[in-house]
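Colleague: Next up is a structure, given as structure tokens.
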Amino acid sequence: MALHKQTQPVSIGQLARVTQRAAAARPHASSEMLEGELDEEGDDSGGALEPRVAALEARCRQQAEELLCLRSTLADALRRLSSLESRVDASRPRVRLLATPQGAQSTPSPTPSDASRELRPRQAVHREAKRTVSYGSTTSLPHRRGAQHQSSGSLQSDSPGSSSSLSPAPSPSPRATPAPPTPPAQHAPQPYRSRNNSTSSNQSTAAGGGGGAAAGNSLTRRWNSTGDFGAHGFIANASGSSPGWQFTVDEGMRVWIRGRPLLLPAPADVPAPDPERVAPPPAAKLKLEWVHGYRGKDCRSNLYLLPTGELAYFVAAVVVLFNVEEQSQRHYAAHSAEVRCLAVHPNRLMLASGQAAEAGGRPLVRVWDAVSLSTLAVLSGPQLRRSVACVGFSRGDNGTLLACVDDAPDHALSVWEWRRGHCLAETKCSVDTVVAAEFHPLDRNQLVTCGKNHIAFWTLDQGNVLYKRLGVFERDKPRYVTCITFDNNGDVVSGDSNGTVTVWTRGTNTAARAVRGVHEGAVFALCALREGGLLSGGGKDGRVVTLGADLKAIGEAAVLEGHYGGVRALTEGRTGRFFVGTTRNCILQSAGRGALTPAVLGHADEVTALAAHPTLPQYVTAGRDRLLQLWDGLSHSTVWSKDIEERASCCAWSKDGSVVVVGCDAGRWLIFDPASRDLLSQHQDGCEPMGVAQFSPDGSLLALGSHDGHIYVYQVQDRGRRYSRLGKCSGHSSPITHLDWSADGQLLRSNSTEYEVLHWSASTCRSASATAVREARWATATCPLSFEMAGAWPESGDGPDVTTCAAAAGARLAAAADELGRLRLYSFPVTQPKSLNHVYGAHAAAVPAVRFLPDESRLVSVGGADTAVMQWAVE
């Protein structure tokens, strides 16, 4: 391509020598002097140097994009081959060979009695201490929280061998679609390990592992219940806080929760639990199959389209890679707290995601590979204290640097050589909120930050010192500079709270021009198009406007419907289309002629209610966003969504599937027909929120537990269309959270927020006799404070509270979740104080509900404040 008419080509060496001379010249050197130097080097043209350098930069960018397409195609092909190979390998029988060192005798296979003895803690032996090798990951990267028997389904370890969680495309078949199996990870031999142990790529290092006295001391500990199997191996009980668990044949199990004794009645024919026995974990595991939701309510610049055709975004503690065309998801779930920001490397195949700080810890940034989902680096230190507000890769040097802004009051800006884990520079960024930090695409040492009352231009000098220049506006300085991007000339383009789009010429901190009134309200997103021009998204008016290279509005690309909210993020798609992340946690894709279709739907506020269909693989969710949504577990899609105009707190599905009951915050409860979405009737009991609703096993009775401490029992008539109240159970002193029915529908079991456990006769609404309770068989196990789920609580009584649980009696499995967002899978019933389990940490807040689907091949969990709905495959 000719740079100028009648112009001889200039070699790269000539341009380099001229550039060096120009940099060494005085600042006021004129362009004529540079042209004279070009003539001395053999160039007889009179053209200026700057347009030629700009043309060469444009050509380099074009060639880089072509190379990127080739690399992404190869990466996608390798990913597909890896997925096919894993499926083929999983179908073949595996024979595990154990190498025996020379001179050592081979150990015979353990008998069943030996295996049972392996579950007991081994006592210390007074002999020479031997080095203990842990069976966790050998990487030096920090471990995420979680216990020992963590499934490797979609929770990625820090080791390069992490396997991806690839969900198949939705199947039209009514049968459950099995997720592709994941080959088990191999671990080093252990001094203490159950024969029923499951392998995991997220195994934590055993306490005291490493050798010497530490290894010897670890063998003398007495292991405690589930809560004491912590993130660093088996942890001994905190001494002196509780006298331990007690079991008597006449009364049942007496446990201590938060320092108070609780009596959990046991069935009359159940033998006393052995306090020394360790219950093995279940053979089944969970694999994260699908995640519904997107965090657009309070996060920015968190939607990207990768060259593989996958959308990258996050919700809760998971980064989702969603292929819209193939309707498949992969998940990076190595984070231990909520993800707050996301950035894509210039090669478009690596990502950086920043998270908030755990309790007592520091926030961190993880850099990971989008193809293998393996962690490449973990950045953390005193520069990050509260939460990572925004991250950004450098572009001019192929992404060797990473900028991070902390969300602490001083909003520290730090620049890292992320491959080495070394912080090059750190400085106070602003006393006000910072919403974006981006490196200049052409200048390696230039970056831009923006936020409340400022836009700042930073320079990183040779001594790794950051210098700041505040942007100077022409007039009407905005309260917020909400977003930034770069056009094809390298100029900075910003959007602000006044609805103005401003251009800042490359290398300056003064506004060159401003286009006012692009939106009514703030500009929430800007997206530079590959062919030139911009897309601008409005947070208040919900409009997506196309701007030309001169920033003149060409037209409206789309207008969002009101129930989707405003525009939060924009990214360019293929063949001229684009994707929109909204402020109500949805992702939309353009469908031509200004039309938008939903690609991802979710809840816009806290999700508090979950109920599974009694026979079909479907479930409903509801929350404080006043939305009632029906989901299909096979197609991973939303069947319908309805605004019920009430904040929901609980829900229940009738036993014949004909109606759905939704309890609301103001004491009202509503009856809906799931087939037509019609409201059939509404009722009122008190003025406090409804905490739980449960139908009896035969569907003839309905019990509703309220935050006023009462349980309201109703007779169900006309297939759930009519209800008549039988009575009110009074006795709790705190809000009721969980209810269970007995198998014959005669008794109720209830829990409250103050750890109260009461039993009721459904016919009289009075306390049930101890004999009736001991003889009862319970149809469900949703009460965390019950004999069947006692082992899910920490034996010390001081760990995180179990917020919800559910049992799949046919598969002999139980799931429980706690207030830290951790999901655990047990063998049911969970009656042993020491019960091993598989731990999963995808949620970022207290989990209010988990439920198994009817065929017990899937489990659904809702994340409360993190707004995520997650579907897990039971493998």
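A Cβ is built for glycine as well, from the same backbone N, Cα and C atoms used for every other residue.
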Colleague: Choose the correct range: of 23-48, 725-750, which one does TrEMBL annotate as region 'Disordered'? Give that range.
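Modeller: Result: 23-48 is the stretch TrEMBL calls region 'Disordered'.
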Colleague: With helix taken as DSSP H, G or I, strand as E or B and everything else coil, how many residues of the repeat 'WD' (600-632) land in each class?
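Modeller: Output for the repeat 'WD' (600-632) reads 0 helix, 19 strand, 14 coil.
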Colleague: If you average the pLDDT over the domain 'EML-like first beta-propeller' (328-589), what number do you get?
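Modeller: Mean model confidence (pLDDT) across the domain 'EML-like first beta-propeller' (328-589) is 94.
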Colleague: I'd like the per-state residue tally for the repeat 'WD' (729-770) from DSSP, helix first, then strand, then coil.
Modeller: 1 helix, 22 strand, 19 coil
